[in-house]
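First up is the structure itself, then whatever we jot down about it.
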Amino acid sequence: MSEAAGQAVPAQRGGAGETLRRVLPFAAIFGAGLILPAVSNDYWTLIATRAAIYWILVSGLNLVVGFAGQLAIGWVAMLTLGAYTTSVLALGNVLPPVPVFAAFAAAALVGATFGLIVGLPALRLRTFYFAMTTLGFATIVTQVALAWQSVTGGGIGVPGPVLPEPLDTTLGFYLFCLALAAFCTWMTANVAHSRFGRSLVATRDAEVAAEASGISKPRLLGPVFLFSGAIAGIAGGLFATLQSYITPEAFTFDLSVLFFIAILIGGRGSILGPLIATVVLTWLPEFAAPLVVWSTFLYATLLLVIVLAVPGGIAALLDFKNRRPLESSRAILPRPELLPEILGRRPASGGGITLRDVVLSFGGVRAIDGLDLTIEPGQVHGLIGPNGSGKTTTLNVICGFNTPEAGGATLDGAPLRPGTPQTRAPSGIARTFQTPRLIGEASVLQNVMVGGAIRGQGTFLESLLSLPRHHADEAMLREDALLALRTVGLEPLAEVRADRLQHSELRFMEIARTLMLRPRFLLLDEPAAGLSADEIRRLGALIRAISRQGTGVLLVEHHADLIFEICDRVTVLNLGRVLAAGTPAEIRVHQEVVSAYLGA
Amino acid sequence: MFVAIMMSGLAIGAVYAMIGVTYNVMFSASRVMSFTAGQLGMLGGVLGAAFIDVLGMPAILGFVLTLAACALAGVLTEIVAVRPVLKSLEQHLYVLSTLALALMIQQFVAIQWSTEPQPFPRLLDFGGGGPGDEKFWLPILACLVTVVGLEVLYRHTLVGRAFLAIAEDNFAARALGLPERNLRMASYALAGVIGGLAGFASGQLLLAFFANGALLNFYGFVPVALGGLGNNRGAIISGLVLGVFQQAANFTFGGVFASVAVFAVFIVVLLAAPQGLFGAPAQRRV
């Protein structure tokens, strides 16, 4: 995200200069690509053509691997499918021959279909499992290509498609591939700098926070797999054209390794890094003859070194902006008076959140044992109790992360379905986490913008092609995020990488992220933990002001002072049961609470 | 025909099962699934052929050296690809580091050995080519030895109990003063021996071929996925069933269908029961 982090923020000063700085490296690379044929021979033009074709595939795969963090190590299968689809259709050995561009369209369709089929297991499977399914798929596609002789020609192969004039010359074909590569770069950059790109990174680095922000993984990843598969299919057709004759042996697993490793060496969440890495890795074996044999070994070694030494890849090495030291003595100064601007603009709220007879065990331990609780709009409800008394679990039941064995939560009288955390944000329920969940490589502003992802109107396709609604969404989200940051007092840090923030600042950043949803209910999980006394005071005022805008707040906290100062009602939990409930004044003198928990 | 399918199915299934156990032994010690599991199987075959056929060693010496070398490869996995990333918060890093090491091993073998399948020597010259040939029953025997050996190790030795303790609760085991790092290295050595044994025993069946690593990586992982992570009994049963299923489909419908069928079953089961058919612990997320 480092590169995107710096570049997605033209914002206040010199938007044009910032855009120029962002586009310049790409312009330089593609400009060099343009003049290459003039200053070298056909051989180097062919190498460059191959690099361009690889990049077309890698640019799409980058969204899957680099942004969404899905370890698709077998994407060469899409190249194979695309190559055979175009070749077989253009040749006409099965159906009547079709025009070559129609064959390319069919390849895109086949690639998209299988991209989705292979990608969908990612919704349920964890990292290694998904890597294995793509690896298995790649193995099987090659086996089928080898065995299905009537269509693929088996081990003998089939001739690749031939493009019409003037694309049938070395130069013409190269320029065609270069233009397509530039187009793909543009499209993926549009996605990267849209709410979809940010959401992808959020599901990668802070999946739980993404779900709590209402980001639905299937709806997000579906279009990405379709797109990535489609352009991989087209790359396959171009690859077959370049090879002029394809056999299953042309699609070795080494090729898949190259694609995958180019992205990781380039840096996850970057576009420039993987582009540079793809060009370099394609070109490297030409540099010295022994490297041809050892190229895959070299790539693997590079991967190991990158993983162990430079997890951020090339992009992290190029990220100079975030090496500048931050001001060390900085204070968080929230401005609660701005809250009406954020929270005032939403529909009037109805009823509250109610928990009835909730029972939940982990193994033999009853975490919650018959809990009743009501969160009223416009009030701060404190939830206190010793460690292990079920406070966070209560939050997780409301948010749908934990499924109770009995009882359940309702909102306005309608049940909140357990196991569907991504449905809470659209209902106006937002939350923070005991350990802040953040996208470390993204800027603070982008982290906050993730919170409003579901408020965007444009579709994935509109972002891909940079259509008007994409720009409207971006402008709206940016403006709101800046307002939210101003409100919590973090605006000066908007463009800083989030992982450079202090712990207390992250707590406020999480609150800013929840404000993006304009929540009707806000669930805060120990927001004061790790804050200084001054910061706790400002936090208290902020929470209080949020509730005065009509938002119901559930505050899980250990700081008794804060609880008694700002809460309208307090519930005390012990061993999963309600020990006491009432106003702060009642709780303060409650005999059992004082002896069991508050002490003295 | 039936006997032939069963024998070849059980033989290949035994190899898958043992690679599955290799995955599991590494996983139990470190919570890491390593791409080197299949490569260990490949090394078993290639090193066996190299020691016995090329260097002309007696079979038993070649066997012992092969297992020793594979144990070393297991330890190397632990040192190079596992230990450095264990402390990292990013859980997926091990996928990349072990993948990188697996590719390095595979490419090294491809360049130094051969990119073509090479013959593996006859060890006992027993069985004479039919369904009772040694190339079928050797893997099955090796699998049986593995099962019995692991059972004895885990139930009746102190080291084995320590392995179980580490697998059950890493922190508690360390708090009790168990040398966690040494036990982890020992586990990886053990995994290397099991993988190497699988490769050596199936040398005549799969030949000494560098690309077996990737193949075994996938087909050895299927039993783990079906049987549940870390569940050795599940892996053995699933592996044997998988082998017989694959061979039956192979004989009846042809090789392509068999591969596609195995992949389809794998995906369907994973989607329907991500924890495997025999169960594995779920993880808490928030």
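Don't overthink the numbers, they just go from 1 along the chain as shown.
Just so you know, glycine gets a Cβ as well, placed from its N, Cα and C.
The domain 'ABC transporter' (A:353-600) scores a mean pLDDT of 90 in the predicted structure. TrEMBL lists A:353-600 with the feature domain 'ABC transporter'.
Here TrEMBL flags A:23-40 (among others) as transmembrane segment.
Annotated transmembrane segment per TrEMBL: A:52-78 (among others), in sequence order. Away from its own ends, the transmembrane segment (A:52-78) comes close to residues 33, 111, 114-115, 118-119, 122, 127-128, 130-131, 134-139, 141-142, 174, 177-178, 180-181, 184-185, 187-188, 191-192, 197, 200-201, 203-205, 220-221, 224-225, 227-236, 238-239, 242, 251-253, 255-260, 262-264, 266-271, 274-275, 278-279, 282 of its chain (Cβ-Cβ under 8 Å, at least six residues beyond either end).
Only residues 6 or more beyond the boundaries of the transmembrane segment (A:98-120), in the same chain, are considered here, and those with a CB under 8 A from a CB of the stretch are 64, 70, 72, 74, 77-78, 81-83, 85-87, 89-90, 92, 133-134, 137, 161-164, 218, 221-222, 224-234, 236-237. What TrEMBL lists as transmembrane segment is A:98-120 (among others).
Residues annotated as transmembrane segment in TrEMBL: A:127-151 (among others).
What TrEMBL records for A:171-189 (among others) is transmembrane segment.
If you look up TrEMBL, you'll see A:224-246 (among others) marked as transmembrane segment. A Cβ distance under 8 Å defines the sequence-distant neighbours of the transmembrane segment (A:224-246), meaning residues of its chain 6+ beyond its ends; these are 46, 49-50, 53-54, 56-57, 59-61, 63-64, 67-68, 75, 78-87, 103-104, 107-116, 118-120, 122, 157-163, 173, 177, 180, 184, 191, 196, 200, 460, 464.
Residues 1-4, 25-26, 29, 47, 50-51, 54-55, 57-59, 61-62, 65-67, 69, 71-73, 75-76, 185, 188-189, 192, 201, 204, 291, 295-296, 298-300, 302-303, 306-307, 312-316, 318, 441-442 of the same chain lie 6 or more positions beyond the ends of the transmembrane segment (A:258-284) yet place their CB under 8 Å from a CB of it. For A:258-284 (among others), the entry in TrEMBL reads transmembrane segment.
Sequence-distant neighbours of the transmembrane segment (A:296-318) (same chain, 6+ residues past either end, Cβ-Cβ under 8 Å): 2-3, 254, 257-258, 261, 264-270, 272-273, 276-277, 281, 284, 441. Feature annotation from TrEMBL assigns transmembrane segment to A:296-318 (among others).
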